[in-house]
Amino acid sequence: MGPRGRQSPSATLAPSQGSCFFILFCLRLGASCPQACQCPDHAGAVAVHCSSRGLQEIPRDIPADTVLLKLDANRISRVPNGAFQHLPQLRELDLSHNAIEAIGPAAFSGLAGGLRLLDLSHNRIRRIPKDALGKLSAKIRLSHNPLHCECALQEALWELKLDPDSVDEIACHTSAQEQFVGKPLIQVLDSGASFCSTHRKTTDVAMLVTMFGWFTMVIAYVVYYVRHNQEDARRHLEYLKSLPSAPVSKEPLSPVP
């Protein structure tokens, strides 16, 4: 038997190892949630709530295993490229009630297959970034944005999976065709109207104007060329008239033998 009171090495190390594990666990918890956000437990899924925090940009320290991310009611004005590419498990993304005006073409890269809901309602989006949203399979909310109704918007909508519960609230804030301003976009398109036909007409008019300009230039050149030649011919004729003429002999011509 060993001496009384002497503890085994394992007994000595056990509390120390437990303390280390506890510290690492606490550090893991602290690092798993951005400072300005809350991360409640949702049935084992990681949810990050950053609503109404006065954020002006998207936090960079969001946990990689986040499933639900709420960034609504902040002051975010732009979504840069690759903002969420480190969140492959993200299923719901709420960016509503911000001041978003610009969305990078690769803003949602890495989310094409997994994202189920993207809320961009109540922002300042005027034009739909087709490159950023076209590859997503998620339902997208775009209501209450100052959209400019044009051909590019109409073409982009064909590639988006709009949320059916809010699609009727997407309206034309501005448009080249003033009769559609303030009207629901879906109602306008269902009536048979097309913003692309106006675009094509504008393009045709521009082409006709260009062709007319070239035709006018050609005619002007031809007129200038003809007048220039006429002037040269007139000067040449005057020059010939100014030459002294040879005297005409008045003697009768002798008959030819």
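Note: Cβ is positioned from N, Cα and C throughout, glycine not excepted.
What Swiss-Prot lists as signal peptide is 1-32. The domain 'LRRNT' feature in Swiss-Prot is assigned to 33-64. Under the heading repeat 'LRR 1', Swiss-Prot lists 65-86. Residues or ranges marked as repeat 'LRR 2' by Swiss-Prot: 89-110. Among the features that Swiss-Prot reports, repeat 'LRR 3' is placed at 114-135. Annotated domain 'LRRCT' per Swiss-Prot: 145-198, in sequence order. Per Swiss-Prot, transmembrane segment is recorded for 205-225.
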The repeat 'LRR 2' (89-110) - residue tally per DSSP class, helix then strand then coil: 0 helix, 5 strand, 17 coil
Overall pLDDT for the repeat 'LRR 3' (114-135), taken as the rounded mean: 95
Helix, strand and coil totals (DSSP H, G, I; E, B; other) for the repeat 'LRR 3' (114-135): 4 helix, 3 strand, 15 coil
